[in-house]
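According to TrEMBL:
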BINDING   TYR19, TYR24, GLY63, SER64, TYR69, ASP85, ASN90, ASP142, VAL143  S-adenosyl-L-methionine binding site
Amino acid sequence: MSSLAELREGYERFDPCAYLRNNYLPPRADFSSEEFVVPWKLRCLADTFASGEIRGQTLIDVGSGPTIYQLLSACDHFEEIVATDYLAVNREELGRWVRGDPGAFDWSPFIQHVCKIEGRGEPWQDKERRLRDRLRRILPIDVHRPDPLGAPLDPPADALLSAFCLEAVSPDRAAFARALLHVGSLLRPGGHALLLGALGESFYLAGPARLPVVPLALADVRAALAGAGLALRELRSYEMPPALRTGVDDVHGVFFAHAQKPPQGH
Ligand code: SAM
């Protein structure tokens, strides 16, 4: 088992480009079928936002890393998207994409796919522009602090999203549950929390970094949500097919959870 200090040291070697290559290029980012993991994740988010129930002023994404795919369906429903990450290298990578700098990762196949599954006939460039316009803040965060941003979010977020972060930065299940409690404090009463994450994973690679992950079962996700006072609305899971077990991690599957903070007075 790793300690928080060992985890922090490991993240100093995190290479955003290697991480993007390992997870967001083929074979994992193959849009020809929803049997592949990336289209599965995008489908969960598109379906959930399609209800129109999850909307408001601000959505905060916790542990964004160097990625924006998780914000593509969300960005139509919020005035502002706040991205966050512990590492400056990841915040810089996001900034490059927002500014459209040469050398930024090419998310256009993801944007095109999301426009297709959302089925509104929207030109993908419009969605790209909207997300760039709305992604105005990219903040440092540490989910192990009771105040993860160093100050309360004012006003608190109408929705919270976090993809593959909490289990990848926590030495054990108790730390995972505490981290969820900490980030849950950024959410207003009645707000929605959406979590994507790894099941049964013990490590992943990002260039020279080999990061330990707390292996979770669906029961751990349920227990942590309940412990953070978040009422589960939906829980889906995906089993990683053998063709996608490429050696960049030992993930067994993926979960998607939609939960809600009870409204004030409940
Ligand atoms: N959300 C992205 C995705 O879906 O691919 C990235 C997930 S990556 C597996 C985990 C992220 O957690 C990294 O970007 C890392 O920098 C970030 N991280 C590491 N320590 C953290 C901490 N203490 N608090 C918040 N985020 C942290």
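Backbone N, Cα and C define each Cβ position, glycine as well.
Features per TrEMBL, on structure.
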| residue | record | Cβ within 10 Å |
| --- | --- | --- |
| TYR19 | S-adenosyl-L-methionine binding site | 23 |
| GLY63 | S-adenosyl-L-methionine binding site | 25 |
| TYR69 | S-adenosyl-L-methionine binding site | 20 |
| ASN90 | S-adenosyl-L-methionine binding site | 22 |
| VAL143 | S-adenosyl-L-methionine binding site | 22 |
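Mapped onto three states, the DSSP output places TYR19 (S-adenosyl-L-methionine binding site) in helix.
Of all residue pairs in TYR19, TYR24, GLY63, SER64, TYR69, ASP85, ASN90, ASP142, VAL143, the annotated binders of S-adenosyl-L-methionine, the farthest apart have Cα atoms separated by 24 Å.
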